Structures are given as structure tokens and as C-alpha cells.
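Novice: Copying in the features that TrEMBL gives for the protein in this structure:
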type    : residues                                              : note
BINDING : Ser67, His104, Arg124, Phe125, His126, Ala156, Ser260 : phosphate binding site
BINDING : Glu241, Asn283                                        : purine D-ribonucleoside binding site
DOMAIN  : 60-319                                                : domain 'Nucleoside phosphorylase'
Amino acid sequence: MNGTCELKTKVLNRTNESKVNNVEQETQNGQYYANSNVYSYESVVKIAQFLLDRVPFTPKIGIICGSGMGAYWNKGSLAEALQNPIKFPYEDIPNFPISTVEGHAGQLVFGYLSDVPVMCMQGRFHYYEGYPLWKCAMPVRVMKMIGVTHLIATNAAGGLNKTYKVGDIMIVKDHINMMGFAGNNPLQGPNEERFGPRFPPMNSAYNKQLIRKAKEIATAEGLGDLVHDGVYTCLGGPSFETVAELKMLGMLGCDAVGMSTVHEVITARHCNMTVFAFSLITNMCITDYDCKEEANHCEVLDVGKLREGDLKHFVSKVVEYMAQTM
Ligand SMILES: O=P(O)(O)O[C@H]1O[C@H](CO)[C@@H](O)[C@H]1O
Ligand SMILES: Nc1nc2[nH]cnc2c(=O)[nH]1
């Protein structure tokens, strides 16, 4: 595998400061909230318009590729499989953050999956990269402004549920917003009603019909043994969890743990997108003090590579089904 576990040379200091300042200036209006989103509604529309001006179709399905699933060296990966792709490196999109994590190529790709137009984030943004949650989730709003109604969020996660195995797929049926417990939420700050309501409900965040159908698809495609549904939780990272933390998360009812997705889903539901999400279980969480193994990002990327064919096939079928229901 090319480039496994070498930190990208593109690091935060390549962020275009003047671009970021533009957004801040548009939104300050004499009031600045340190913890709140500096992307005004208009600035998100502008980003969407920049992309719409350059793409001859408008996708209704948006996909976020998890670690290893959107790596540029994984030629068989989901993002690399889009037909007739039009690619936008993040640094070329006005006011967009950049990806700094190995396994996240750092580009938006528009193209066709099973003849259905989609847009795909080949690389997402994480809190531990230094981005606030509202910035990590901002591209979801761009998707919405482009016309996306259905979000597929994928991630790599550690398996807490003892019945899971490395390489399994956990369809997310619910999440526990641990960062929210600590008062951190992507919707913090003044609410922009044009995106959604001040107090969005989350009890039906993950579409039940899609969960049911995805399980049927998995069975029909011979992936039934790999697929579970469960509860995902996101911690801030970048450190992996201690044994005590993992034991606690298990007791709380978490089946898988990662460092993403929850803030994207909250933002998507806030603007009324239909959400489907799944985790690729890339490692089993270590809850035994005598275990000599340690969690590591190489393993996460390697399992993404191993499962790329199955995941591409699974997502293509889910996309086909979604397109029929629109
Ligand atoms: O959630 P994604 O981006 O798939 O990646 C997961 O894998 C990385 C750790 O190996 C972390 O970024 C964690 O969030
Ligand atoms: N927090 C966390 N994120 C992950 N991403 C992939 N595996 C893991 C894990 O074990 N813990």
C-alpha cells in the first residue's frame, strides 16, 4: 500500500488564511461568538454555487468516505469507483478546510455510482485536526445547498460489541453524542433558521426504512454474515481509548467507537436530510489489561483496503435503492 501511516505533508499551515477570514468577515456583523459557526448561510450558498457552476448535474445523494475508504491509493475504493468523476481538491474550493489525515484523500468527487449521480467527500474533517465541530460538518450544508437530500456517512470504528469481528459492517441505528455531553455540538451558537430549527430532534436520526432495506441488500449480496446494526459513539480523539474508557462505553450501550460522523449526522438532520450511516469495524477494542496489542491507524487503513470491494458493492446497491425511492 502506498503511503500507509505517513503523515500528510499537507498540514494545517497550508490553510489559506485569507479565504477563512473572508467567511469570518461576512458573518461577524459586530457580534462574534467564539464557539459558533462563522459560515453564514450566504457563504455556504457561495461554495455550493462554485461547485454547481462546474458540474453538469445535481446529485441528490451525498457520501462521506471514512478512513481508508476514501484513500487516494485505494484504486478500488468507493470514491475512486465513481464513473465520469469530476474532482475538486479541497484546497481549490473557496473557504473549504483541508484534509490532514492519512487515508483521507482530501477532495470532493462528483460522478455516477450505478448510474446514479452522487457527490462524495473523499476525506472528512475531524475535531482532532483542530477544526471545530461546525467546521467539520460544514460540507454537509454545502451538500444540502447543492440539492442533496440523502446522506450516506461511512466511518472506520473500533468494535465494542463482543459479537463483532474485524471487517464487519455495523449499520448505525443510533448514536451517543459523547462530545455533546461535554457541551460541544456542531449547532452551537446562533441558529440559522434557513438551515433548520433551533432544537432539532434526534430520536429518529437514522432512517429506519433504509436500515431495514440495507440489511436485506446485505443478505441478498452474500454479506449478511458481516452486517449488524448498532450504536456508534464519537470521541474527540486523536488518542485511542484506554481500557477503562472502553469498558465504560460498552456499559453505556455503545457497539462501536470512532472520532467522526455524529456531528455530520446532527448537521444533516438539522437541515432535514435523510441519513444512512455505517461503520467498518477495523479493530476490536481492547478491554483486557493483559492484552499486548495496541490500536493503531495502520490497521484501520489496512482493513479499509481489504474490504474495499465489498463496501463499494454494498454502497452501490444502497444508492440504487435510494434512487428508486426518490
Ligand atoms: O471516522 P473516520 O474518519 O472513518 O476515521 C476513524 O479512524 C481514525 C483512527 O484510525 C479516526 O479518524 C477515526 O474517526
Ligand atoms: N476512537 C476510535 N476511533 C477508531 N477508529 C477506528 N478504530 C477506532 C477505535 O478503536 N477508536
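Placement of Cβ uses the backbone N, Cα and C atoms for every residue, glycine included.
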Novice: Look up Ala156 (phosphate binding site) in the DSSP assignment and reduce it to helix, strand or coil.
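Specialist: DSSP call for Ala156 (phosphate binding site): strand.
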Novice: Rounded to the nearest angstrom, how far is the Cα of Asn283 (purine D-ribonucleoside binding site) from the Cα of Ser67 (phosphate binding site)?
Specialist: 13
Novice: Filtering His104, Arg124, Phe125, His126, Ser260 (binding-site residues) by proximity to ligand 2: which pass a Cβ cutoff of under 6 Å to any of its atoms?
Specialist: none
Novice: Taking the binding-site residues Phe125, Glu241, Asn283, which residues show a Cβ-atom distance to ligand 1 below 6 Å?
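Specialist: The binding-site residues passing the 6 Å Cβ test: none.
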Novice: If one measures from the C-alpha of Phe125 (phosphate binding site) to the C-alpha of Asn283 (purine D-ribonucleoside binding site), what distance in angstrom results, rounded to a whole number?
Specialist: 21
Novice: Select the most exposed residue of Ser67, Ser260, Asn283, where exposure means the fewest other Cβ atoms within 10 Å, treating these as the binding-site residues.
Specialist: Asn283
Novice: Fill in the CA-CA distance, His126 (phosphate binding site) to Glu241 (purine D-ribonucleoside binding site), as an integer in Å.
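Specialist: One finds 16 Å between the Cα atoms of these residues.
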Novice: Measuring Cα to Cα, how many Å separate Ser260 (phosphate binding site) from Asn283 (purine D-ribonucleoside binding site)?
Specialist: 16
Novice: Starting from the Cβ centroid of Ser67, His104, Arg124, Phe125, His126, Ala156, Ser260, the recorded phosphate site, name every other residue in that chain with its Cβ within 8 Å, sequence order please.
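Specialist: Same chain, not in Ser67, His104, Arg124, Phe125, His126, Ala156, Ser260, Cβ within 8 Å: Gly66, Ser99, Val101, Gly103, Gly123, Asn155, Met259.
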Novice: Whole-number answer please: how many Å between the C-alpha atoms of Arg124 (phosphate binding site) and Glu241 (purine D-ribonucleoside binding site)?
Specialist: 21
Novice: Averaged over the domain 'Nucleoside phosphorylase' (60-319), what pLDDT does the prediction give?
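Specialist: Summing pLDDT over the domain 'Nucleoside phosphorylase' (60-319) and dividing by its length gives 95.
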Novice: Measure from the Cβ of Phe125 (phosphate binding site) and count the other Cβ atoms within 10 Å, all protein chains considered.
Specialist: 29
